[in-house]
Each structure stands twice: as structure tokens, then as C-alpha cells.
Amino acid sequence: MLKIGSYEFQSRLLLGTGKFPDFDIQKKAVDISETEILTFAVRRMNIFDPEQPNFLEKLDAKRFTLLPNTAGAKTAEEAVRIAKLAKASGLCDMIKVEVIGDFTTLLPDPVETLKASEMLLEEGFTVLPYTSDDVLLARKLEELGVHAIMPGASPIGSGLGIVNPLNMSLIIEQANVPVIVDAGIGSPADVAIAMELGADGVLLNTAVSGAKDPVKMAEAMKLAIQAGRLGFEAGRIPKKRYATASSPLEGMSV
Ligand SMILES: CC(=O)[C@@H](O)[C@H](O)COP(=O)(O)O
């Protein structure tokens, strides 16, 4: 069970909604992934005009928890404005805080992210900040009272996987709120590594929407989440420098 604030989920896979080739493929991918949380950029959504096309209707959005994100915000104030718009539309009081500090790397601005998270907590939101993999920043966000921390594996859309597994594992180890690895996932192996490190979930988009077969990849990601989580719970063997025979050698004459 993944618990974020007052929300509870069976699935630990969070799926982004951008860049799918078409609605049909997107719907099939979402269905097979068994995700319960869909994130979308508020600024790209038509949430107020019923005359305009809205993919949420096509996806039967009532089945999902919709996690609006503040993509496009460059300052804390902009992020808060976007979050308030999403809340006013009646979708969800959860918000993924995304304040981009640099448009080449799309890396989050740590100062503005911290500020936005503080302001949104004061407004009563369930706050999930997308952050860099900085261990102390993650701690400061938790101290503020955020409901989950979402450190990036690597830059959005890069598919590079977890570039700093040490930092990621330190963030996971110290956290008392869910840690959702977000952005930069390229393959099911990356997802399994995140879950084996002890992450509570993974948020991804491009790896599925940009795959040759997004539906198959969505299923692979679901299975990777399950395999990685099972592996984490089972507890891996310690890594050793030298060999240990699989069958006992005692009593054998050589
Ligand atoms: C959809 C969303 O929220 C993205 O900003 C997110 O960070 C996913 O990144 P990838 O596309 O790299 O999976």
C-alpha cells in the first residue's frame, strides 16, 4: 500500500500523460499499467472549457487520482498560482510542485521549490515536490511537512536512469515520507533499481509514451515495479569481493 497524505494506493506506478502517439494507445497503456495516479501539466490542460477536447474524459478519469503538476512555473509564485487553478477546477488537492530552474536541463530550482512547497502547505495542499537528488534538500522539504518527496533520477525525458544511486539511496534511507523517483527513467531495469533501493514508487512518462510499443512498455514497467518491490522486501544478498561456492565444499577431498 502506498500512502501519500490521506490518499492510499495499491499501485506504486505513477504515470505522466504527455507525448503519447494517440489517445487509443494512451488508454491501452494506462489500463495495462494498472496505475492509479495520472499526472498532467495544468497549463496544458483544458480543465474549464467543456467544449474543448479533454483526454481525461477519454481515459475515464474518475477511475484515477489526478495529480496536477505545475510544469511551466519558473518561480514559487507561478507554481502556487497554477496549483490554485487546479484546485479551483475541483480535480484534486494533491499537487506535484515542479519549478524548473534551467530550461536546457529542466532541472528543478531548489530554492523556488522549497519556497513553493512552504506556501502550498500553508494553503492546505497535499504537496509532492519534484526535486533534485540532493540529500539535504530532501531533508529540508520533509522538515517543512511535504507529503512525499520526488527526487529526479536524471533530467526529464533523458532516459538516463538513476545517475546518482548513492544520493538516491541516502534520500530513501533518511525519509519518513514516501519517496517517489521521478523523471529520467529509461527502461524497466531503471524502475526495478529504484524499487530495489527502497523507493516507495516511480513516476515516469517518456519511457512509456516514447517507446516503440507504449502498451507493452507500460506492462513492463508495472512488472518492474512489482519485481523491484519484491526484491527490496526480500532483502538482497550482500555484495562480496570473492567467490563463495553455491554448494558446501566441506568434507570433499580434492
Ligand atoms: C509527466 C511529468 O510529470 C514529467 O515532468 C516527469 O518528470 C516525467 O519525466 P520522464 O518523462 O523523464 O519520465
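We number each residue from 1, going along the chain as drawn.
Using N, Cα and C of the backbone, Cβ positions are placed for all residues, glycine too.
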Among Gly145, Gly157, Gly235, Gly251, find me the residue TrEMBL lists at the same 1-deoxy-D-xylulose 5-phosphate site as Ala183, Gly184, Asn205, Thr206.
Gly157
How many other Cβ atoms are found within 10 Å of the Cβ atom of Gly184 (1-deoxy-D-xylulose 5-phosphate binding site), counting all protein chains shown?
23
Tell me the Cα distance separating Lys96 (active site, schiff-base intermediate with DXP) from Ala183 (1-deoxy-D-xylulose 5-phosphate binding site), rounded to the nearest angstrom.
12
Sorted by position, what residues of the same chain at least six away from Gly157 (1-deoxy-D-xylulose 5-phosphate binding site) have a C-beta under 8 A from it?
Leu106, Ala183, Gly184, Asn205, Thr206
